[in-house]
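Database features, via TrEMBL:
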DOMAIN    313-410  domain 'Transglutaminase-like'
ACT_SITE  CYS321  active site
ACT_SITE  HIS384  active site
ACT_SITE  ASP407  active site
BINDING   ASN447, ASP449, GLU504, GLU509  Ca(2+) binding site
Amino acid sequence: MPRSRDGNNYNTWINSLRSDYSNRLDRRTRREAEAETPTVGAKVERVHWYIKDNAKNHNTIKFDLVHDTSEPRPILRRGLTFYLAVRFERDIDVTKDRIILNFKFGPKPSVQKGTMAVVIVENTKFTRTKDEWDCRIDPGTRGKDLVLQVYTPATATVGIWHLDVRTGNQQTGVMNPVPFIDETDCYILFNPWCKDDAVYLDDEAKRNEYILNDKGKVFVGAYPRTRGRPWAFGQFDDVVLPVAMYILQTSRVADPERGNPVKVVRGISAGVNSSDEDGILDGRWDGEYSDGVAPYKWTGSVRILEEYVKNGYQPVKYGQCWVFSALVTTVCRALGIPCRSVTNFVSAHDTNSSLTIDKFFDNDGNEMEGGPDGENWDSIWNFHVWNDVWMARNDLPPGYGGWQAIDSTPQEESDHKMQCGPVSLVAVRRGDIGLNYDAPFVFAEVNADVMHWGEDPESHWGWSRMKMNKYHVGRAILTKNVARDDDVGDADQEDVVGEYKNAEGTAAERLSIHNAVRGSRRAQQYYEYKKDIKEDVAFDLIEIDKIHVGQPFQVKVVVTNNASEPRKVSAYLTARSIYYTGINVSLIKKAEGRFVLQPKQSQDVALTVQYSEYWKKMVEQCMMKIYAICRVEETGQTWTDEDDFQVDKPKLNIEVKGELRVKQQGEAKLSFKNPLDIPLTECHLSVDGAGLMRPRALNLDSEVPPKGHFSHTIKFLPRIHGERKIIATFNAKELFDVNGSKTVTVVKNQ
């Protein structure tokens with residue numbers, strides 16, 4: 001388990017991980033042999049890593065492992081130099097004493113594979129190329145202390161390294177048979193500040209956001225009524241880096257490939273979900289979470305990672321796409337890979353590689369889940385959250401570097417694993433679906449055309465296309481804005497849809513679609529299909545703007561006869577509760593009717609739904625789907641449309657009392673008004689705040705009265721000064737996912 005604040009259980013856990021990298025028994029045996037072997041040259045007493053000094057220079061000073069009071073660990077970034085001192089039992093003379101540093105990675109270190117570096121200590125200047133490990137003797141060397149400046153190349157393997165020091169006689173070349181073995185775990189990370197690193201990001205503000213910011217938002221909801229869900233990424237917590245190393249091992253990223261960000265992020269996308277090799281998180285979307293934690297109760301990544309370790313590295317229950325994405329953000333930022341969570345609103349899940357989302361309706365206007373043969377499980381999610389990671393793509397033709405999409409939510413297999421990406425956003429925008437990795441799937445998520453099919457006995461396969469919507473999918477792709485932070489609203493959102501696709505309706509956008517279709521034989525049959533039907537009746541589904549809990553709503557279609565003759569119209573309207581993945585849960589209400597429209601006449605078709613009719617049928621996210629299907633008897637014209645919307649819930653207010661100071665008790669009051677006319681029972685609070693408190697899960701005894709006020713005060717002891725954030729979520733049996741955040745400033749004690 002990770003080191004707790006009142007103990008040091010972290011060592012127990014990290015030792016179990018290190019057993020995969022080295023054999024402690026062998027090390028102890030060699031130490032004993034060293035004591036019995038006559039010494040040749042100087043004998044090493046210990047190694048000093050200048051942990052905090054190096055961390056300041058390497059932008060790693062925020063990591064908790066650097067400040068561990070019992071056993072701090074060096075955390076370095078590749079492509080930079082770091083200081084190291086070796087103390088000997090006697091004064092050192094490099095003209096007489098031969099000294100070699102062996103840096104080793106993994107269970108089978110190899111110079112040829114880049115998992116071992118042999119560095120000879122002999123010069124006061126660096127003499128090797130920038131692609132090689134090197135060192136120089138620092139002028140601060142005195143007596144028994146040999147002070148060195150060591151350089152790690154920008155291609156070094158990322159992970160835990162160990163150091164052996166070999167000594168001998170410079171004149172004779174004879175070396176001690178047993179080296180000094182330093183037990184320190186040295187973490188080497190990617191370096192987005194280094195121009196030679198594949199993850200280099202030439203923008204300080206973006207590095208601060210995508211590497212150093214340990215809090216943020218993940219956007220959810222139904223387009224266009226989106227909302228930012230606050231999240232504590234907590235990438236500097238002491239549990240994160242060890243778990244990151246662990247999942248790279250379990251996802252079978254080979255040691256020599258762990259310096260390649262393409263391979264590393266692909267491994268992360270597989271290792272975060274539990275579908276392969278017991279990854280971190282189990283996914284569940286059916287609303288049954290009694291044997292775990294409901295996804296909407298999480299407020300940050302650290303609590304999940306701690307549960308993972310406490311459970312003996314068995315998957316934590318449960319998560320959904322935004323939780324998977326937030327964990328990926330935590331792991332990538334910890335490793336030094338620029339990363340952002342992105343949310344695609346109206347996201348397609350194409351299961352048959354047709355680049356279309358096909359929905360089938362019977363003659364009564366009911367959607368047929370699974371299609372006519374029960375094999376079509378295409379779906380449209382109200383939103384889907386994945387990640388963008390920044391890197392060069394040396395494995396692709398020039399021009400495809402920059403942001404790459406990866407997705408850890410288990411959906412479709414890739415190379416026999418539940419993993420997705422990285423796929424270049426440039427490739428997605430151009431429709432170049434033949435490039436690695438998983439470009440067709442991601443392309444369809446943001447570009448697929450939606451096909452509505454109706455029963456047709458005259459069709460050769462029993463169905464005819466009623467509608468093709470070219471502009472329904474990928475309506476917005478939101479991430480947190482680099483320059484903004486908004487606790488009250490969502491002024492800190494940024495729409496990056498232009499990085500994924502060309503503007504809807506432009507020639508460039510349709511060209512990318514056709515480019516992708518040419519690369520997918522299955523897709524061509526859908527796009528080649530044409531049918532000439534006279535369409536002289538206009539239909540308009542009025543979108544629902546915003547509904548607050550407790551309010552009724554109305555579904556309305558305006559029908560206009562533009563013909564010079566009367567038209568008989570049949571209309572079907574349905575309202576259903578749905579999961580955010582588009583899966584139907586309950587039919588709330590349905591209406592149908594037939595009427596005659598005179599030439600140029602308009603008529604409204606409406607369905608009114610009361611609060612009492614819908615509230616008990618709501619599930620998490622409180623989303624509803626409206627379907628409208630109309631047919632014109634005289635011409636055979638068929639029209640369909642749909643609208644998704646979310647019932648708004650109150651916001652959790654957070655107030656902080658007085659000035660906050662490091663290591664002095666602070667208080668925060670959490671409150672909101674119950675919008676329902678029933679009491680809230682089985683109340684629960686999840687609270688997080690990196691640098692302020694450990695993640696908390698609180699079961700509350702009291703109920704919240706109907707239309708009454710909820711209030712709860714928490715106390716905490718800030719550890720880190722500067723700008724911090726409290727993130728909290730309230731859940732009850734009758735009302736869930738009421739969340740809020742509050743940015744606070746912690747003052748450093750004099």
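Including glycine, each Cβ sits where the backbone N, Cα and C put it.
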Worksheet item: Restricting the comparison to the active-site residues CYS321, HIS384, ASP407, which residue's C-alpha is spatially nearest the C-alpha of ASP449 (Ca(2+) binding site)?
Response: HIS384
Worksheet item: So of all those recorded positions, CYS321, ASP407, ASN447, GLU504, which one's Cα sits nearest to HIS384 (active site)?
Response: CYS321
Worksheet item: Nearest to ASP407 (active site) by Cα, among CYS321, ASN447, GLU504 (recorded positions)?
Response: CYS321
Practice prompt. Between CYS321 (active site) and ASN447 (Ca(2+) binding site), find the distance joining the two CA atoms and give it rounded to the nearest Å.
Written response: 19
Item to complete: Within 10 Å of each Cβ, count the other Cβ atoms, then let me know which of the recorded positions ASP407, ASP449 comes out lowest.
Response: ASP449
Item to complete: Enter the number of other CB atoms within 10 angstroms of the CB of HIS384 (active site).
Response: 27
Worksheet, complete the sentence: Counting across all protein chains, other CB atoms within 10 angstroms of the CB of GLU504 (Ca(2+) binding site) number 15
Fill in: Neighbour count (Cβ, 10 Å) for CYS321 (active site)
28
